[in-house]
Amino acid sequence: MILGNLSGVSEFRLLGFSEISHLHPLLFVVLLSLYILTLTANTVIAFIINSDNALHTPMYFFLTQLSCLDICYLSVIIPTILENLLVGTVSISQTRCAMQMFFFLFFGVAECFLLAAMSLDRYFAICYPLHYTIIMNSRVCRGLVAGTYICGAAVGSVHTLVTFSSPLCGSAIDHFFCEIRPFLALLCGNTSPSEIQVIVVAVFAILSPFLLIIYSYIRIISTILRMASAESQQKAFSTCSSHLLVVTVFYGTAGSMYLRPKYSYCASVDKFLSLSYSVVTPLLNPIIYSLRNKEVKGALRKKWRKI
């Protein structure tokens with residue numbers, strides 16, 4: 001009701017990759033292949049963890065949630081991109097555009113906080129190993145995951161309602177889905193309040209969990225360096241390296257997208273960054289965790305022998 005009453009625009013046009021239309025067939029094949037590969041990889045990781053009792057630990061519980069989030073996150077965006085590559089400019093209703101923005105924010109913010117929860121898990125595992133199973137019990141793990149989804153839903157709801165309640169002076173979005181920054185170009189008059197809103201949301205959803213991750217790893221590294229043997233240090237570092245690599249990729253691309261000033265905005269760069277954290281990162285997560293994790297590789301080998 002709010003969306004329909006406060007805006008005279010009922011439909012938007014997603015311009016997508018109109019500037020490189022000659023590459024649409026190639027991009028379609030590449031992105032469809034990546035989509036199928038990502039869905040398969042994340043589904044396999046979730047299945048392996050759930051089917052192997054040895055992996056029923058807090059770290060792998062969070063990894064399962066990360067795989068589910070990546071599947072949902074990617075599925076919000078990829079179908080629209082593929083449609084755009086097939087038919088050119090895509091017309092999308094205001095309701096569908098609003099839902100796409102909400103779920104994009106919902107899953108994206110939830111993933112930010114889930115990565116922070118995973119860093120807390122590593123912090124307690126390394127800094128308080130004797131109390132780890134007591135601190136990170138199943139109730140705490142479920143509570144942390146529920147909190148990530150609550151934060152995602154809150155940010156997605158507020159941001160989408162405020163954005164779509166503003167008067168619009170255009171209908172052409174120079175992007176391949178209803179992303180926040182290119183959508184702001186359609187707003188009438190002074191867009192500074194909306195820009196501030198984006199920065200505030202980015203600080204809450206990206207910077208605050210990232211600072212928690214930084215604090216956790218400062219404490220983790222400090223604890224590791226005090227360990228007596230080099231073998232213990234190497235083992236402790238190996239349990240954190242996969243998560244740290246995922247955090248670097250995800251926060252690096254997302255932060256460069258939402259925390260940079262308005263004057264540095266460029267549509268082509270924006271599309272590249274969006275593809276990086278919305279398409280490439282969900283594919284890298286299962287690869288990083290499976291290739292760099294002996295337990296996951298062992299579980300995969302056992303399951304493969306049974307098959």
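Cβ atoms are placed via backbone N, Cα and C, with glycine included.
Residues annotated as transmembrane segment in TrEMBL: 26-48 (among others).
Summarising the annotation, TrEMBL assigns domain 'G-protein coupled receptors family 1 profile' to 41-289. Averaged across the domain 'G-protein coupled receptors family 1 profile' (41-289), pLDDT for the predicted model comes to 83.
Here TrEMBL flags 60-82 (among others) as transmembrane segment.
For the transmembrane segment (102-120), same-chain residues at least 6 beyond its ends with a Cβ under 8 Å from one of its own Cβ atoms are 59, 62-63, 65-66, 69-70, 72-73, 76-77, 144-145, 147-149, 151-153, 155-157, 159-160, 177-180, 201, 205-206, 209-210, 212-213, 216-217, 243, 246-247, 250-251, 254, 278. The transmembrane segment annotation in TrEMBL covers 102-120 (among others).
Note on the transmembrane segment (140-162): residues 2, 58, 61-62, 65, 98, 101-111, 113-114, 117, 120-121, 180, 194, 197, 201, 204-205 of its chain, located 6 or more positions outside it, place their CB under 8 angstroms from a CB of the stretch. According to TrEMBL, the feature transmembrane segment maps to 140-162 (among others).
Residues or ranges marked as transmembrane segment by TrEMBL: 196-218 (among others).
The feature transmembrane segment is assigned by TrEMBL to 239-260 (among others).
Annotated transmembrane segment per TrEMBL: 272-291 (among others), in sequence order.
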